[in-house]
Amino acid sequence: MTVVLEVKNLQIAFGGVKAVDGLSFSVDAKEIIAVIGPNGAGKTSAFNCITGFYKPSSGAVLLYGQNITGKRPADIAAAGVSRTFQNLRLFPDLTVLDNVRAGMHLYGGQNWLDAILHTPRFKRSEAAYTEEAHHWLDFVGYSGARGVPIRNLSYGQQKHVEIARALARKSGLLLLDEPAAGLNYTEKRDLLDLCQRIRELGTAIVLIEHDMGLVMELSERIVVMNFGKEIADGTPAEVKANPAVIEAYLGKDDDEEVSARGDA
Amino acid sequence: MIQLIWDGLFVGSFYALIALGYSMVYGIIKLLNFAHGDIYMLGAFIGFAVLTSVGGIPASLSIGALLVVMLVSMLLTGTAGVLIERLAYRPLRGAPRLAVLITAVGVSFSLEYGISALAGPNPRAFPIRLEGNVFVLLGARISLPQIILMLIAAMLMVLLNFYVEKTSTGRAMRAISLDRNASLLMGINVNQVISRTFFIGSALAGAAGVMAGAYYGKIDFLMGFIIGLKAFTAAVIGGIGNIKGAMLGGLVLGFVEAFGAEWFGGQWRDVFAFAVLILFLTLRPTGILGQRVTERV
Amino acid sequence: MSENVDTTLAPRTTRPPASPISRLFESKQLGWIALAIALLIPLLIATPYSLNVMTTAAIFVLLASGLNIVVGYCGLLDLGYIAFMAVGAYTAGIIAKAFDLPLIFTIPAVIIMTVLAGLIIGAPTLRLRSDYLAIVTLGFGEITRITANNLSITGGPSGIFGIPGLLKIGDFDLQEPAVFYYVTVLVVAAFVLAAARLGKSRLGRAWRFVREDEDAAEAMGIHTYKVKLMAYIFGAVWGGFGGILFAAHLSAVSPQSFVFLQSALVLMAVVLGGMGNMRGVVIGALVISLLPELLRDLSTYRYLVFGLLLVVVMVFRPQGFWPARGYEPERMGDVSDRRLAKGTVR
């Protein structure tokens, strides 16, 4: 098994708040890993550190053994990481197809002179972009108009498009930030199926998710975070039995505030 | 040397007065109000209109007349600021930044060419001209009007500082600049506070316009353009959104410019000021007193 | 896996019904029709005055199409765009005059200088937030003008005059007004077409991605800074060519031609026409440059009207009078065959 991603003792602080405080985990090829934890545990901050949107205060992120810590997001994406965002970040005025084409930017295949002169190379490349965009929309099971601006779409459709866009990046690692949020039961089953099919493409997935049913069924390993710290890392069964995790989710027995989150 | 410092201080206090409006508005709604320099111009023209309608003013009364005219002008430019916010900026709150900026350019254009259409495109002579003895202090030539104008500017800034730091509206302003939605939830009348901010910022610019008219003696419809840019520079130098920063930035820019003009020649004065702006934006966009803000993804 | 995907069943969204007029406006031939009209007009009206006005308007269209790359496609507000035209015009004028060359031979130098200008202005500022960028470009525009006003190589406040024409071979002089008009129209048409094509390419899409959401664009591997710089440089080159035509048209260049008012007028053409839509921008440029000629009596109020119009358009119709079209064809042909068997991951 090749190690795709390795996160070593990642830390980031905003002012005095340590949003991520010593996170370490690794992801093998074709593995599905879930990062869970109560709201504000630092999961999304960790994603943002890995993808270069935040510069970690310390620690390292290795992709295929190559250090990508603190590089700019575009370079990290080019190195082979693609992601979705917690609150959809699509290009609202652009068409569905154009949004998916964004994931294909790194394919190249044409330059500005080709575009101005409309060379055969340009036409071939544009046709390939379009075909590929349709392919990924089909792959995620998107059913809806494709030549219309994103803002006309329903939330569920937009989620599909965002995943299609990330897949079009064709990277070995896909980070999904709460992909199941706001989906109903059937849609969650479809998502589960989709994740399996993505894995069959050879892509490893790291997902942040609150739906414990989905997490337990889907992931090989689970990383649990609380207050920026990593409190557990193991198989679903191990994590379920881990007292620290139970405490984080349900609180100690003597706690007044019992905050049961998710389906845990 | 002392002369340069004094000149810088004097010009700088003008910049500071206008920079305050820029900074306050930016601080509260993150809007770069391009039209702010033109409010300064509007202030000068309102002063002009009031004075011409009254008729001749004896030179002995000029200081008193100036103060009265200034108050009238502040009231009117303040109202103009509120109206502009209400009609042009408020409908676009939440719109893309590009749209708001373009609107601000449109407002600036409308003010400039509106005044040009009303008062004519040629420069007008301001009806009162502050005359005063020049005396020499530590080798610098200082005139009485300069001292009076600086005192007025300083007084206005002290008042503003008191207002922002000590009154409930001032506290509300600071709260909104930190988090508008939270302020709304806390029961602050956000729209009203924003209107007041525009009123105060525009009134200060209007006061500066009257003062500039009385000091330089000549006004024209484009007089706000360059000074608007300079005031923005001052606001950036001090740290935009920061009221004390705007005051400091104005003075710093005044000094820098005075020395730059001395070294490179007066015709490069504006180029030098903009170069300072670009330098600051590139190296320290938060300005001297600004705080570093991490933008959330 | 995707046999259940059937776009014919998908809800057809709120696409406006195509009236004959809007179909004409969307048609691919529209550009050629417009070009034909532009080329035929001198046959109807060819007074020196009208040729002068139309040539100026054509140059203005070129500027608007260049600014549309920066503002419309990429969403970067440039308030000193006219500075690029100044760089082009001065470079062409100075070189042509110094070596007594026809202007056409100054093109390489103009391209180099405008690219440099784009880099110098863009490199330090494009990392800034968009509103800072606007005011810095405004400052740069002023710096350029003041510099031209103060240097002796640019002729100071009176500028350069007696600039040689574009090209003269024997008796055939491109400088003859009607000929020059045709040359201008053809050059401008080529540049407008090129800009429109850029907008529909990989680079053009990247510009729009940056405009819509910089973070998401970065996450897709788009180096937003480089992409923005490209937009800036293309805009600069377009402006530089506008400068060559300008210098050839007037055979003189002076700092008064490059005041902020000019930058603002070009911006208005882009905004009123419809940011990002080249056709709208061309119409906007024609309106802004020709309307004052038709409404001479109202000249006192025209800029006031332009300013108010800018505010009104932004408040009530921010996409401009002829907005960029957000639609494209659904599917080309049947996809079912080529869906299958696609190797994907690295």
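Each Cβ is built from the backbone N, Cα and C atoms, and glycine gets one as well.
Looking at C:53-73, C:200-220, the stretch flagged in TrEMBL as transmembrane segment turns out to be C:53-73. Same-chain residues lying 6 or more positions outside the transmembrane segment (C:103-123) and placing a CB less than 8 Å from one of its CB atoms are 80, 83-84, 87-88, 91-92, 95-96, 137, 140, 163-167, 174, 228-229, 232-233, 235-237, 239-241, 243-244, 247-248. With a threshold of 8 Å between CB atoms, the same-chain residues lying at least 6 positions outside the transmembrane segment (C:229-252) that come near it are 55-56, 58-59, 62-63, 65-67, 69-70, 73-74, 76, 78, 81-93, 96, 103, 106-107, 110-111, 113-115, 117-119, 121-123, 126, 159-166, 174-175, 180, 184, 187-188, 191, 195, 198, 203, 207. Across the candidate stretches C:29-46, C:179-198, C:264-291, the maximum count of CB pairs under 8 A to the transmembrane segment (C:53-73) is reached by C:264-291.
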